[in-house]
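*Asks:* Pasting a structure here, questions to come.
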Amino acid sequence: MAAYLLAVAILFCIQGWPSGTVQGQVRPFLDVYERSACQTRETLVSILQEHPDEISDIFRPSCVAVLRCSGCCTDESMKCTPVGKHTADIQIMRMNPRTHSSKMEVMKFMEHTACECRPRWKQGEPEGPKEPRRGGVRAKFPFD
């Protein structure tokens, strides 16, 4: 075990740490700022979350990589929002557990093509997140 850990440590010293920096090095501000900006990024999405009506079959892979908007805006009142979208055709394998059959199939997934920082709240809505009422009316469940 000690030999393995030593080999890993030597490898990291030669190649650098997985994050792209050598241990002890500080990532430059501009690099951090640019990488955190609102932009399209490859994101893994579950096929069943994107196509909830398809629960009777099994998909391989169970998730796919698509471009989605993500990142930080310079103002907390703004959020990273898609301003351009298109449909991507992605080939997957669909397996039917009842018939033990499988087939290759093309499914459609929404991809973001452009992003912008936009206000979190629309005009006419009260600004800010809705706060839960303290001591207010609580939802009643049938078994309470």
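Glycine is treated like the rest: Cβ placed from N, Cα and C.
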*Asks:* Given the candidates Q25, Q39, Q49, specify the residue that Swiss-Prot annotates with pyrrolidone carboxylic acid.
*Replies:* Q25
*Asks:* According to the record in Swiss-Prot, which candidate from C13, C115, C117 pairs with C69 in a disulphide?
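*Replies:* So the cysteine paired with C69 in Swiss-Prot is C115.
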*Asks:* Would you mind checking how many other C-beta atoms are within 10 angstroms of the C-beta on C117 (disulfide bond)?
*Replies:* 18
*Asks:* How far is it from C73 (disulfide bond) to C38 (disulfide bond), counting Cα to Cα, in Å?
*Replies:* 6
*Asks:* Between Q25 (pyrrolidone carboxylic acid) and C80 (disulfide bond), how many Å separate their Cα atoms?
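*Replies:* Cα-Cα distance, Q25 (pyrrolidone carboxylic acid) to C80 (disulfide bond): 30 Å.
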*Asks:* Please report the Cα separation of C38 (disulfide bond) and C115 (disulfide bond) in Å, rounded to an integer.
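*Replies:* The Cα atom of C38 (disulfide bond) is 7 Å away from the Cα atom of C115 (disulfide bond).
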